[in-house]
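K.L.:
Supplied in structure tokens, the structure appears directly below.
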């Protein structure tokens with residue numbers, strides 16, 4: 001009889017799944033389906049010039065980077081109210097497990113990305129359910145508080161009732177009314193319903209939003225709603241920002257697009273103004289000296305002392321609770337400026353110029369080896385265009401079965417910076433544009449900058465750039 005601590009297995013099962021050891025116990029092996037190779041992820045180019053999955057993924061990464069990098073005036077200090085639909089429409093399962101869970105998960109990621117891209121901005125969250133607007137979190141610059149509130153709502157509350165756009169907009173207007181004029185006032189609405197139950201005329205609320213210079217953007221989960229289109233059009237100076245998500249990936253793209261500050265177009269917003277800020281230093285008290293912070297009234301040993309009034313706060317950035325001075329660090333200010341001066345898009349490197357590099361300049365990943373006739377046909381000249389011609393047989397084959405082109409995808413897998421000329425892989429290209437917002441090659445350049453540097457101004461003149469040492 002088999003041991004009691006071992007599971008019984010028939011002889012047929014042992015023949016199929018494993019072998020029996022010397023002591024009579026079965027030795028389990030991997031099932032056949034556990035070693036399945038995902039061949040559809042490594043599809044090679046076929047005879048009919050099909051595209052591989054790797055190229056399609058690379059094209060998707062480049063599509064996010066191929067945007068206009070013209071420096072425009074934007075507000076780096078933002079006040080954004082995030083409005084989430086929590087009505088019965090969010091219980092639909094066209095997004096798995098349902099709309100409500102998908103939106104809350106994306107909202108948590110959006111909060112992290114928003115404060116990563118806008119460290120000196122503030123955010124508040126409002127929900128719509130049961131015909132009223134509920135305040136989830138107040139307007140503040142602490143992402144941990146917003147994420148904690150969202151997780152509590154995700155665990156304790158379920159979608160129910162009808163949404164009310166007017167009540168939500170009135171609550172957002174009241175929260176943004178006291179914000180300073182030098183900062184932007186924005187509202188982002190994630191709307192899943194096709195109707196709104198309002199207590200009054202929502203057009204009067206839209207007029208008040210226009211008068212208070214509050215911009216409203218809407219991301220829809222169902223069909224397009226006329227009042228949402230009118231709301232975005234009138235509050236964005238007839239340049240509406242209303243989109244409807246077609247799937248979960250598209251929803252995340254529309255969601256995270258709001259992390260970029262909007263362009264200032266009205267004359268009132270283009271007026272330059274000086275803003276006083278404080279840069280406090282971090283202090284650490286001895287073990288037997290504990291004091292309360294002015295922001296949370298909690299006993300702490302470490303904190304930051306306001307340079308104006310001398311009060312202690314436990315985190316940055318924040319507005320001083322006593323003198324209302326904006327307290328930040330120099331790194332916060334530096335991270336906010338990449339929206340004003342975006343990194344230029346890296347250009348594709350053809351095979352004729354690919355011989356000058358064998359690995360990525362940043363991560364040292366080896367580049368794929370190209371056809372010998374194409375690489376040797378023309379010298380590697382930085383910044384030039386592909387003018388080399390391959391062998392006759394290769395060229396004739398390309399004419400018979402032309403390969404479909406993907407916009408922005410380099411045939412050599414290399415992408416060159418337009419300033420330093422170094423070659424990077426697609427992953428480093430995405431990391432440089434979406435995370436660090438700087439070129440690793442330009443940052444590692446030890447050459448001295450040119451003395452006669454000038455910056456072009458909109459009226460066609462040239463203003464010298466002065467750099468303080």
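Any Cβ shown, glycine's included, is placed from N, Cα and C.
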K.L.:
Pick from 288-305, 306-323, 324-341: which stretch is listed in TrEMBL under zinc finger?
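P.N.:
Among 288-305, 306-323, 324-341, the range TrEMBL annotates as zinc finger is 306-323.
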K.L.:
Check each of the ranges 386-409, 410-433 against TrEMBL and return the one annotated as region 'Disordered'.
P.N.:
386-409
K.L.:
Name the residue range among 358-385, 442-469 that TrEMBL annotates as region 'Disordered'.
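P.N.:
In TrEMBL, residues 442-469 carry the label region 'Disordered'.
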